[in-house]
Amino acid sequence: MSTRSVSSSSYRRMFGGPGTASRPSSSRSYVTTSTRTYSLGSALRPSTSRSLYASSPGGVYATRSSAVRLRSSVPGVRLLQDSVDFSLADAINTEFKNTRTNEKVELQELNDRFANYIDKVRFLEQQNKILLAELEQLKGQGKSRLGDLYEEEMRELRRQVDQLTNDKARVEVERDNLAEDIMRLREKLQEEMLQREEAENTLQSFRQDVDNASLARLDLERKVESLQEEIAFLKKLHEEEIQELQAQIQEQHVQIDVDVSKPDLTAALRDVRQQYESVAAKNLQEAEEWYKSKFADLSEAANRNNDALRQAKQESTEYRRQVQSLTCEVDALKGTNESLERQMREMEENFAVEAANYQDTIGRLQDEIQNMKEEMARHLREYQDLLNVKMALDIEIATYRKLLEGEESRISLPLPNFSSLNLRETNLDSLPLVDTHSKRTLLIKTVETRDGQVINETSQHHDDLE
């Protein structure tokens, strides 16, 4: 394995090749490799060291040192105490030149990568400035425009809620007043109904009295008819008696004319007639007076009962009219109450719908505020990620700067003069071969993070021989 291939593979493994995109991940792996050093005695120059330090967004760090590797297939050379075989020095110089050429190529590649990273850092800084400007603009807009808009809308909603509360209180007061009026009218209706029942009871009693008076009048009328019939019968009987008496008187008059003288009989008959006529007139006058008195009493009672009946009918008519007017008034109040209750239900439903709409509006505004907060938090997280990337790139730039400074200082060192070396005779075949296999210990540390918090951390050790 050549130095260039080792360095390239290590560089691709640490920083990613041209076709590999560096993607941020929630897991970070730290890989540490042990240092490999190859040396051969004190005749060689100090081992050439090359260190690569890089920091990628994924968080991978690696160090690696390599030295000039001597092949075991170099032919054995016998070195004398006072002479040097320059073929070995030529081979070393050739290999050193090749190594320097490879190092120059690698440095050129590193410079290109470094330029790309600088461009990337500048681009990320510009993006960072743009995001900061957008964040400041969003903060200013959120404080100026959205805050004022929300405050104005909240004031309007509060004003509408206060107005609706006042309207509701006014409607409730009107409802209470109407309820009191209805209760008062109901009490008045109950009183009128009681008075109506009393009037009906009085009317019923009056009707019973009228019926009794009518029965009494009919009885009296029947009695009057019977008395009139009796009077007619008595008149007829009296006339018959008078006729009989006149017949008897005439018969007696005839007999008296025969027996006695005429003037004495006439006077007697006149006296008898006068007596009977006086008795009949007296009886007739008494009967007429009794009939007239009874008829007057019955007429007066009938008139009195008729007046009471007429008054009762008038009172009943008045009570019926009052009951009808009160019934109409109660029906009107019931209609008014139903309309007010319907209006109140409609207003309550409207209030409920408007309150639900206001709650939905408030919820929507709160959701928008929450979304804006989440978006601001996301921008802040992106800004923090960009800051982390920038810090990693700053560290990488500093590492490249140290690399360049180290390479410049190493390149400025003088080459050793192999012609002036005083080597003693040594058989290279007797020397132990350089162990071309080295032991490398890999420490793989995996850290899993979520939302900036460490949720899992594992470490693994691997031994690798090359």
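Even glycines carry a Cβ here, placed using N, Cα and C.
If you look up Swiss-Prot, you'll see S7 (among others) marked as phosphoserine.
Residues or ranges marked as phosphoserine in Swiss-Prot (evidence: experimental evidence): S10 (among others).
The annotation phosphoserine is assigned in Swiss-Prot to S26 (among others).
If you look up Swiss-Prot, you'll see S39 (among others) marked as phosphoserine, on the strength of experimental evidence.
For S42 (among others), the entry in Swiss-Prot reads phosphoserine, with the evidence type experimental evidence.
The feature phosphoserine is assigned by Swiss-Prot to S51 (among others).
Taken from Swiss-Prot, the feature phosphotyrosine applies to Y61 (among others).
Per Swiss-Prot, the feature coiled coil maps to 96-131 (among others).
The region 'Coil 1A' feature in Swiss-Prot is assigned to 96-131.
For 103-411, the entry in Swiss-Prot reads domain 'IF rod'.
Cβ-based neighbour count (10 Å, all protein chains) for K129 (N6-succinyllysine) stands at 10. As annotated by Swiss-Prot, N6-succinyllysine applies to K129 (among others), with the evidence given as similarity to another entry.
Annotation source Swiss-Prot lists phosphoserine at S144 (among others), citing a large-scale study or a structure entry.
The coiled coil annotation in Swiss-Prot covers 154-245 (among others) and is backed by experimental evidence.
Under the DSSP three-state reduction, K235 (N6-acetyllysine) is assigned to helix. A 10 Å cutoff on Cβ-Cβ distances gives K235 (N6-acetyllysine) a total of 14 other Cβ atoms nearby, all chains included. Taken from Swiss-Prot, the feature N6-acetyllysine applies to K235 (among others), supported by similarity to another entry.
The feature coiled coil is assigned by Swiss-Prot to 303-407 (among others), with experimental evidence given as support.
The annotation site 'Stutter' is assigned in Swiss-Prot to F351. Shown in sequence order, L164, K168 are the residues of the chain, 6+ apart in sequence, with a C-beta less than 8 angstroms from the C-beta of F351 (site 'Stutter').
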C-alpha spacing of K235 (N6-acetyllysine) relative to K129 (N6-succinyllysine), in angstrom: 150
Local confidence of the prediction over the coiled coil (303-407), expressed as mean pLDDT: 85
